[in-house]
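These notes concern the structure reproduced below.
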Amino acid sequence: MHGFETRAIHAGQEPDPRTGAVIPPIYATSTYAQDGVGGLREGYEYSRTANPTRTALEECVAALEGGSRGLAFASGMAAEDTLLRTVLRPGDHVVIPDDAYGGTFRLISKVAERWGISWTPAAVASVASVRAAVRPETKVIWVETPTNPLLGVADIAALSAVARDAEALLVVDNTFATPYLQLPLSLGADVVVHSTTKYCGGHSDVVGGVLVVSDAGLGDELAYHQNAIGAIAGPFDAWLVSRGLKTLAVRMDRHCDNAERVVDLLLQHPRVSQVLYPGLAEHPGHDVAVKQMSRFGGMVSFRMVDGEQAAVDVCDRARLFTLAESLGGIESLIEHPGRMTHASAAGSALEVPADLVRLSVGIETVDDILADLRQALG
Ligand SMILES: *Cc1c(COP(=O)(O)O)cnc(C)c1O
């Protein structure tokens, strides 16, 4: 098998057979001419069902995650919704991380619940707490690792054993780590989910999602529902994500380099009470992170000695860091999870500390990133 960077650039990306175009074109078409009734060219019939630009992305992402099938959607949430509606029935139960991505929490607790799905939050960093949350009706164990925004680490291999015992699927949201840093399917996960809006797209110019599986039968069921539900990635969006994936490896290396320098600065700063980064030896998930990740990513969170207002002030004072939700793009972003991405979790089991600041460390010149952070911290 070719190396990661080679697959990122070539998997599913053969030059166009008609013109030799090196990059697969954006097939902006809804339908396909048939050579006689039922005479489909390469199986293409209607673009909700399949489109060559989307196929190129789906093959590439499957090759990067080491799966047999990739499926591309209009957003990460569309991918998650299609997955849940494929594998769950009324009466089923889901174990979700107690600091799950807010949209995932909302989809399961507010939308799926009305369709008869029950759920239990668990601290996924603790295998015992996930095991304790499992019930006879559990069909899905949902894991994010590292988690958002607390950067907790879940042991994918250990949780895959819990899922096997429970006859449940282990779903891993690999958005933060990306396949360059972590390969959940190789550790026993059944499904990988991405918001490709983040590192996979990587340029903050597209919203998208993917699912990747190893099992061909599950892949077929998901493809059936992808077509039946219709929340597909359009050809231009699929093309943007494919373009992003080609540079994923070099971008992730730089995100990691810059994040490590940011962590060093924060650790020495007197106004910072705690730095959350899986690469730190004192991080409770460090040993597991070392086992399952090649590096520790571009997301860094920290807490301020002086509480909530100090955290909000840092966000307001940052200038090179853009104050914005989302993450994983080339530009550095800063946010206050308690009032922004995780505001909807206030008062729930998923509430985050008020003195917390989350950084998505970009790939600008590292000295500029550090200087901005220094002035913002005051
Ligand atoms: C952004 C995000 C999602 C949702 O993806 P969208 O593309 O915004 O729909 C899911 N999981 C994680 C970890 C995310 O960061």
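Keep in mind that glycine also has a Cβ here, set from the backbone N, Cα and C atoms.
What TrEMBL records for 1-17 is compositional bias 'Basic and acidic residues'.
If one looks beyond the region 'Disordered' (1-22) by at least 6 residues along the same chain, the residues whose Cβ comes under 8 Å of a Cβ in the stretch are 55-60, 62-64, 179-180, 242, 245-250. The region 'Disordered' annotation in TrEMBL covers 1-22.
TrEMBL lists Lys198 with the feature N6-(pyridoxal phosphate)lysine. The Cβ of Lys198 (N6-(pyridoxal phosphate)lysine) lies under 8 Å from the Cβ of Gly76, Thr175, Phe176, Ser326, Leu327, Gly328, Gly329, each of which sits 6+ residues away along the same chain.
Secondary structure from DSSP puts Lys198 (N6-(pyridoxal phosphate)lysine) in coil.
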